[in-house]
């Protein structure tokens, strides 16, 4: 009887949510109309256009008007094509083409969307696959189905990569339908109160759905409470959503009857976010956007005594009292439904059930705030000082997860010096530097790297220097003096350009990564659109009009032991035991942990003469217990087999004899703190302490909440190798309702995905033909079928999503975003679907018509089946899927290899000259005068045979009969050496720019012959423009391509093999080489300019130098800085260089020629007494500066170390500030 009652309750839940599913789907029925073809010309816009015939209005799919598509003036990553759909529409698919009859097409792109044409948001597929693969030629059409669909008015296509032999070219179409919704705008003081008929409601059930968008990080979205303290509250706090459900008279926040669920992050981004709350007795489903938290409550939770009214946007009812801080919601709500009732529609009709309080309007205002994202540590925004005021004044807002980075730099005029505003350890620091004076510092704020928006106001003028953070004015620094204060004309936000271009900007802690908005200088707001168009200021590596910072979503489960607990007077005979009780049951905790990709808990253990282990016999003196009820003696930061603490792993314990700080047994406070992340042992349920019984012995501990992220079920999959293979599970109990969803991919034309039989009843889902998916069932009066037919084949080895629903009213089937098909339930059929056999997945009971392919993320009534675990013990079924790369491998670019993972894939960029998640970020470097990068393939010929590095394939006596060389460059100097490959047999390859600006490739593959010379004299290659070079040799035949259009094939006379390759040199040749005169002259001069994406077969020397993943035989000499060679529109060749100072790397730096002294080597060539004297003076100056810097660094380090040592005991004694926040979440940036 109990199971039937439970089934009935679940059915009530599903029936109540059926209307919500329709609302959430918008108008997804037949929602595939082309939306672009009928738009007027004014609906198209772009960043630029190559000519009037390449304008954005010619970007319609399959059209040949104008030049046959849109092409921008310059092909770079800052270009975009924008569509205004006229009103908010639901977009379900996009399609792209290249430019008609041209070599212009885009191979990958991003898709952005917006309601207002401002503040764009990036569309992401499957929460991680963020790029779209584009076209491989000009005329074929590539379609993408959007899951989920987009509801927006504006779309923007951002090309990432394009045909290297052409330029950016696009024609596009988007598909969808009109989107209708009810909207209400609340101003932070207004709210809606809904009073309903008590006869129509159940005390054990609530279904609430809505969408919201806001720029405020805090606010009440809904609240309903009862007379005894019972309540249900949905509250936005610091950009996260909290669902609070309290039953009984217990007060917040410590009670076992309190449910506190948290989802989402950075939800104050002025974009729409969807929310669904389903409560049925003890079962709670909480969904925010695509993230769901399922909760089963403990205790007497199934009944919540609530009043018959609910408020939205605030808590306006007089006489109500709440025990937690709150403020009203300020923003927009859309499609607000409470148990199937359209609340906004009732309010618009002024129905008596609705009371509108304050200023309520039924259209959503669009505050215009244009953010800018600093994508990397080399990003910066340089803006002129157009105020003309006698002061340095700037205001802005920022948000970031990083602890350190430059926010603002300005050089001072008249008063010599500079002002630096930067983050350090999450605090804002204002530094005034004046020659001859000690630096002045102001520190303001704390924990500013929390992902929230923070406002900053800086003012420096005569006799005054101040900074305010979030409206709080920090203490003023000493006066600057009586002089008037002027900026030198430029404000640098977020970072600095390379110093080689004359900028005095400095960034001691590196560049800022995060977002800024509302930037103003001298009281005048900066027009970022003008910056984007190149008419104001200068920038590098920015994303304007979008905040691209993102946070990993965590599930947080609290317990009763989050406060600091002190322990004294214990021994092995009288131990202390502390227990942790969680707000979820152990079964719910286990399900959450098993489903998550990663879980962790921070454990902090403070100690004073309290050991973790007895050093005499190794007996543990303190330990903890997890959900397996096993004793664990490893601590935070370690794994079970190591039995260490964090300091033991890092090798920095206060006593090197021990692996934990506490085991040093010192009479002073210290701690062992770290993250416990071995999922099988989490959560921590108990701690035992036995060593605090001696004089002055004491311990204290604090355990953070259980944090889990990721969803293993999304990639949980199985591969079916034969038609007779299948997985079996217990009978599916879908008596009154069934909700089944999964992904599949196959090359087979048919097969059964799932089947469960009864005596006469059954349920089956199958691929009936290459284009048809069928759901069939029988509830006692014969079989019924629902089929979805696709215009394209399902057996295309790509992922497809299937979802079926069946309840007492109807059954439905949806595949991908195709039209949802429904079938009313038979009037004379049985109410219950009665099944009794095992559930077969991937096959049938008859072992016929089985499925060949892969199934993943199979969910039945919200529960995920562990396909991988069952597949491990089932013949002819393999755990996991091997085909992720067949679906997503094309996202790996520039020689990156797609590698399968058990839960997904990744792009291996090991043998690529690029980096990034898809091997699409070029690695470039600016070379100063006299600098070089040398990649040594072998130290000497005899020792090369045992090498195992990347260069091993060149080692020993191997004959190199072919190679592929690619690189890009930009310079204005002649002669220049671009690339030089040498061998131990005096054979070489040199790529140089001759004195007259010609590009020359010189091959010498026979030491006794003169080199073969290939000369390109079509233009001056030292023109400051970016040029691309490809050299492909197959024995004696060389194919050369310059700038994707000039091609030549030559036959070498000097030989066909490269013997015993020694090294690859970029820049100046430092050692004497037996080379021809032109190469020698260029080698002595070296290279000054920018080199990018340099690759010789599988060796990438710039990557080895700037982004080492392991020790490489690379030597860097002179001034080499990481840079972007891409030219910006509207700037000259020199100013277009974007650089970031080359920092530490694991390659070898030549001791004889350190980076700081690169120019000295050139000066020494001049010779003479004057040069020697100058050299000595420079050395003395450098040494003095270095000693001064080391002293300052030592003093700061000592002060910081002393402060840290003292603080541990002070914190414990005062019991203030001890509850340090849980260690930083792993933040992600998606760009």
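All residue numbers here begin at 1 and follow the chain in the order shown.
Glycine is treated like the rest: Cβ placed from N, Cα and C.
In TrEMBL, the transmembrane segment annotation falls on 1164-1188 of the listed ranges 1139-1163, 1164-1188.
Model confidence over the domain 'Laminin G' (370-547) stands at 81, taken as the mean pLDDT rounded to a whole number.
Where the domain 'Laminin G' (716-881) meets the stretches 31-177, 370-547, 932-1125, the count of C-beta pairs under 8 angstroms peaks at 31-177.
For the disulfide-bonded residues listed here (854, 881), the lowest count of other CB atoms within 10 A around the CB belongs to 854. Within its own chain, the domain 'EGF-like' (882-920) is flanked in space by residues 107-108, 128-129, 131, 133, 160-161, 597, 712, 714-716, 719, 745, 797-799, 854, 868, 950, 966-967, 1093-1095, 1098, 1100, 1102-1103, 1107, 1109, which lie at least six positions past its ends and keep a Cβ under 8 Å from the stretch.
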